[in-house]
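Let me begin by presenting the structure, written as C-alpha cells, before commenting on it.
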Amino acid sequence: MYPQFRRGHLAAAVLFASSSLLGGQALAEDERLEELDERAESVVQLGDEVVLGTAEQELKQAPGVSIITAEDIRKRPPVNDLSEIIRTMPGVNLTGNSSSGQRGNNRQIDIRGMGPENTLILVDGKPVSSRNSVRYGWRGERDTRGDSNWVPPEEVERIEVLRGPAAARYGSGAAGGVVNIITKRPTDRLRGSMTVFTNIPESSKDGATRRANFSLSGPLTEALSFRAYGSANKTDSDDTDINLGHTVNPSRTVAGREGVRNRDLSGMLSWQVTPDQVVDFEAGFSRQGNIYAGDTQNNNGTANTQGLADDGAETNRMYRENYAITHNGTWSFGTSRFVAQYDSTRNNRLEEGLAGSVEGQIGADRSFSASKLENYRLSGELNLPLHALFEQVLTVGAEWNKETLNDPSSLKQGFVGSDSLPGTPAAGSRSPKSKAEIRALYVEDNIELRPGTMLTPGLRLDDHSDFGLNWSPSLNASQTLGEYFTVKAGIARAFKAPNLYQSNPNYLLYTRGNGCPIQTSSGGCYLVGNENLDAETSVNKELGIEFRRDGWVAGLTYFRNDYKNKIVAPLDVMGQTGTGNNILQWSNAKKAVVEGLEGNLLVPLHEDLSWSTNLTYMLQSKDKDTGNPLSVIPEYTLNSTLDWQASERLSTQLTSTIYGRQEPPKHGTSRNTPVVSRKEVGTYGIWGVSAGYTFSENLSVRGGVSNLFDKRLYRQGNSFDAGAATYNEPGRAYYVSMTTSF
C-alpha cells in the first residue's frame, strides 16, 4: 500500500498553518485535522522504522509552495476553470504567453512572470499538455485556454502550486512552476454525490454558467475499489458588442470572452495486491468546445467571423483521452512508484490563415482541420532511507516521454512567387508529422544534518532526441532559528525544450511587410522553424523567512529567475530570398530577468475566525534585448480572505484581490507598430462574499456574490494600440451550488 504516514496532530497542525498561510484560505475547525492528516507526509513510516520524508515531500515545504484544499474550493467554487482559484496563490496570475495582447481573453496560469508556457500542469502527478496541439503563433500565443480545466472542481482533493527551485525537479516546462491537481481517491465505503452550480451575471452581456457533476466511489471486493465521475459544464460567450465604445480603434473588432462546453468522464480501479502493493488503473475522456465570441488574432473581424459569433458557433473542439497504470509499493528497503501513461488530444477547429494580418483569422469556407497530439510516458522512482553519517532519504528516478504531433493545416503556408527556402519543402511536399523524445535520470537526497537543519541537493539529466543533454542541478536548505523562525533557501537550474512548432523546419509563417521586424525596411518576411535551437534555461533562486507562534504565521520570500535562451521570433534577418523577401528563423534570445517578493500573513482573530493574506510584488520582469516584459502582469497582487465558521453548520467568507498597475510593452518590434501604446491598466480591486449551510450530512448549499462592487474592465485591443488593456474583467455575478450525497 502507500507509504504509511505518521498522523500526529502536531504534524497536521504545522501543515494547516502552512496551507492556510500560503493558500490564503482557512478551513473549518471541525474539518481541519481530518483533511490535513491525509497530507502529513513530513515523516514516513516503514513498518516499525520511522525515517525522514523524501526530497519531494521536503521540497513541498519550501517557501515557493502553496496548497489549495478541497474545502478551499468548496468555499470559493470556480465558475468554470480551476485557474480562477489557483490565481489567488502567491506568485500566480492569469495572462498571455507574451506581451502582445493577442488572444487577450484566453488567459492562462502564469507563475512568477515566466509565462504560461513555463507552467507545467499535472493531474495526479502526471503531465497534461493538450495545449501543445494548438498552433504556436508568431508572437508566441496559442488560441487555447490551457490545461487547467480537465478536472471538475468538485473532484479535486487538493492542488499543489510549486514555484521556483522546488519546481525544477519536474523537468522541461517547469521553469516558472508546477500546478499539480490531485483528484479524490476511492473511498472505503460506497459513497456518491451530485453537485449543481450556476453563475448568473448581473449584466446580460456577460456569459452565464451552468455546471453539474456526479461521483461514485467505494469498494468492490476486499482488495478492489473504484472511483468514477462525470461532469457537464456550459459557459455562454459574452455578447458580441460587449466592448463596443471602449476599443481604441473603432474599425477593429475586439471580442469578449468566448464560451465553453465541457464534458468529462473518468474512472479509476484500485487493486490492493498485497498490504504493501497497490496498482491503480485509470481511464478518462474529455471534450472541450468553445462558443465563439468573434475573436481573431489581430482583431480584424469579417462578416464571416461576425456571423459565426452571432450564431454562437463552435469553432474549435478538443477531445482528450488518457490512460495510466500506477504501482505504489512499500518494501523493506524503502518505497517505489512506477507509472505508465498514454494520452492523446484531437484538436478540431475551423481553418485559420497563416499569413500576415489574417494569421489566426477563420477562413470564409468554414472548413474544419484536425491535428493530433500523442504522448507516451514511463516514469519510476525509488525512495531509500539511509543512516550513514546522517539520517537521509535518497531518491533515484527515471523518465521517458515521447511526443508526436500530426498537424497538416498549420504546415500548409506556401511560398510567394518563385521563392524557396533551403531545408523547407514546398507546401504540398511537407510532412505534417513531428516528434521528440526526452529521457531523464534524476537523483535527490533529503539530509538531516542536525535537528532543525535540512539539506536537499538534487541533480537531473535530460537527454532530448534533437537538442541533446541538459543538466539541472538544485540545492535547497532549511534552518530553524530558535523556536519561532525558519530560514529557507533554494537554487536550481530549470529548462524548457523547444516545442514542436518552433523546432520544425516545415512550419512556415509569412507576412507581406507590416508584421516584419522593425529593423527591416522593405520586402515581406518568412518565419521558419529551426532545428538547431538551444533549450531555454533559467537559474531560479529564492530566500525566505517564516515566523510561527500561537497560530500566527508570517513569511517573506525573495525570488529571482535569470532566464536565458528564450525562444522568440527574432528581430534580426538571417538572409533574403531571390525576390527580396526576408528570412527569419525562431531564435534564442540572450537574457531576461524576473525578480520579486512574496509575503504571507495568517492571523487567528478568534477560534472560529481567521484572516489570511498573501502579496506578490514584482520588482522587474523584462527581456534584456527588447526591454519589454515577458508577459503583462500586475506590479503587485494582494489576496485576502476573512473566514468565519459562524456555527457548526454555517460558514461565511469575505475575499478581496487588489491588482496593482499593469504596464504595457515599452518598445514596438514590428514594422507597422514602431511606436506602441503606453496605456496602463490602473490599480483595481475585486471583492466577493459567500455563505454556506450544511443542512445534513447529505445536503449542503453555498451561495455568493463575486465582484461585489461591479468593477469592470473592457478589452480595448492588442498591446500595440491598447497597451495593457487587452482583456475583459467580468462584472458582478451571483452564484449558488448545491451538493447532495449518500
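Note: Cβ is positioned from N, Cα and C throughout, glycine not excepted.
Long-range neighbours of the compositional bias 'Polar residues' (94-108) within the same chain, counting only residues 6 or more positions beyond its ends whose Cβ lies under 8 Å from a Cβ of the stretch, are 83, 87, 115-117, 119, 131, 137, 139-146, 148, 255-258, 293, 295, 297-298, 360, 628-633, 664-665, 715, 717-720, 722, 724, 726-728. The compositional bias 'Polar residues' feature in Swiss-Prot is assigned to 94-108.
Reduced to three states, the DSSP call for Cys516 (disulfide bond) is coil. Residues annotated as disulfide bond in Swiss-Prot, with experimental evidence given as evidence: Cys516-Cys525.
Residues annotated as region 'Disordered' in Swiss-Prot: 91-112 (among others).
Residues annotated as region 'Disordered' in Swiss-Prot: 409-435 (among others). Broken down by DSSP into helix, strand and coil, the region 'Disordered' (409-435) contains 6 helix, 5 strand, 16 coil.
The motif 'TonB C-terminal box' annotation in Swiss-Prot covers 725-742, and the record cites sequence analysis as its basis. A Cβ distance under 8 Å defines the sequence-distant neighbours of the motif 'TonB C-terminal box' (725-742), meaning residues of its chain 6+ beyond its ends; these are 77, 79, 96, 101, 104-105, 107, 154, 191-203, 206-207, 238, 242-243, 248, 256-257, 632, 679, 681, 684, 686, 697-719.
Residues or ranges marked as signal peptide in Swiss-Prot: 1-28.
Outside the region 'Disordered' (409-435), and at least 6 residues removed from its termini, the chain residues within Cβ reach (under 8 Å) are 135, 351, 354-355, 369-371, 402-403, 465, 500-501, 503-510, 524, 526, 528, 577-579, 581, 583.
Within the same chain, residues at least six positions away from Cys516 (disulfide bond) with a Cβ under 8 Å of its Cβ are Gly523, Gly524, Cys525, Asn582, Ser670, Arg671. Residue counts for the compositional bias 'Polar residues' (94-108) by DSSP state, with H, G and I taken as helix and E and B as strand, are 0 helix, 3 strand, 12 coil. For Cys525 (disulfide bond), the Cβ neighbour count at a 10 Å cut-off comes to 25, with all displayed protein chains included.
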